[in-house]
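Under the heading (6S)-NADPHX binding site, Swiss-Prot lists A40, G103, H152, D219, citing sequence analysis as support. Positions annotated as AMP binding site by Swiss-Prot: G218. Swiss-Prot lists 5-278 with the feature domain 'YjeF C-terminal'.
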Amino acid sequence: MKVINQTLLEKVIIERSRSSHKGDYGRLLLLGGTYPYGGAIIMAALAAVKNGAGLVTVGTDRENIPALHSHLPEAMAFALQDKQLLKEQLEKAEVVLLGPGLGDNAFGEDLVKQVFAGLKQNQILIVDGGALTILARTSLSFPSSQLILTPHQKEWEKLSGITIEKQKEDTTASALTSFPKGTILVEKGPATRVWQAGQSDYYQLQVGGPYQATGGMGDTLAGMIAGFVGQFRQASLYERVAVATHLHSAIAQELSQENYVVLPTEISRYLPKIMKIICQQERVSKDKLV
């Protein structure tokens, strides 16, 4: 088991070059938020923008776009029902987040199939929420892209066949051998673990708690992961995912000192400040971020 420490945080979250531009920080495509789950993709997009993603485009229900833009005018948006525009956006994206607030229905399944078929090896796909449920119940072939899965315990049960009470280190390690080599798994739970298929070791969070048990927490984490994946390329993909996952719970833990429950959107709002502290290599107290 590996622990995420201050050294790793500072390796991943670095100061930006003065000569950089938005194209250096990731072209993200976020897909989801179908009725009645529109808020999920909004929270994911908020997290991605707040952690510094260069360009964020959201595909969602047309009726959800005004709500998205009222919260986040920085994001571009289009209707998921526009198949041609979806195809064009998939071709442009470097990172695709599929599934926050995606309904488990025929439309959702068609979307998952189109995304899986359309991605290339040099793209990164994060599968979350409803897309995980669809993946678990269908016999779809894995896409050629780099794959990141973010299941909670019940979703992991559906994907792996391992019941919640048997989800241990050895069973997860064994189940990962069925996924493409290099697949990153964020196994969410009371002690979240981050794995990469082909490696025997894993990261385990030492932060977080029951104050995170509220709707939208996973959507925000997925957006944070997407944002980190699109930038910080001096670190490995595995390290970027691990640090994003850690920071999500670490911020929640800090906010819980004054709040009975921590709202996902509050984590996103606090994110730029904490990232600034880390990239300036200012030491932070161990009980807050590490």
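Cβ atoms are placed via backbone N, Cα and C, with glycine included.
The structure displayed is predicted, hence computed values, not measured ones.
Cα of the residue listed as 'AMP binding site' to Cα of A40 ((6S)-NADPHX binding site): a distance of 9 Å. DSSP assigns G218 (AMP binding site) to a helix in the three-state reduction. Counted over all residue pairs in A40, G103, H152, D219, the record's binders of (6S)-NADPHX, the longest Cα to Cα distance measures 17 angstrom. The Cβ of A40 ((6S)-NADPHX binding site) has G32, G33, P100, G101, G129, G216, D219 as same-chain neighbours under 8 Å, each 6 or more residues away in sequence. Each of the binding-site residues G103, G218 was scored by the number of other CB atoms within 10 Å of its CB, and the largest score is that of G218. In this structure, G103 ((6S)-NADPHX binding site) belongs to neither helix nor strand by DSSP; it is coil. Counting only same-chain residues six or more apart in sequence, the Cβ atoms lying under 8 angstroms from the Cβ of H152 ((6S)-NADPHX binding site) belong to K188, G189, G218.
DSSP classifies A40 ((6S)-NADPHX binding site) as helix under the three-state reduction. Model confidence over the domain 'YjeF C-terminal' (5-278) is summarised by a mean pLDDT of 97. When secondary structure is read from DSSP and collapsed to three states, H152 ((6S)-NADPHX binding site) falls in the coil class.
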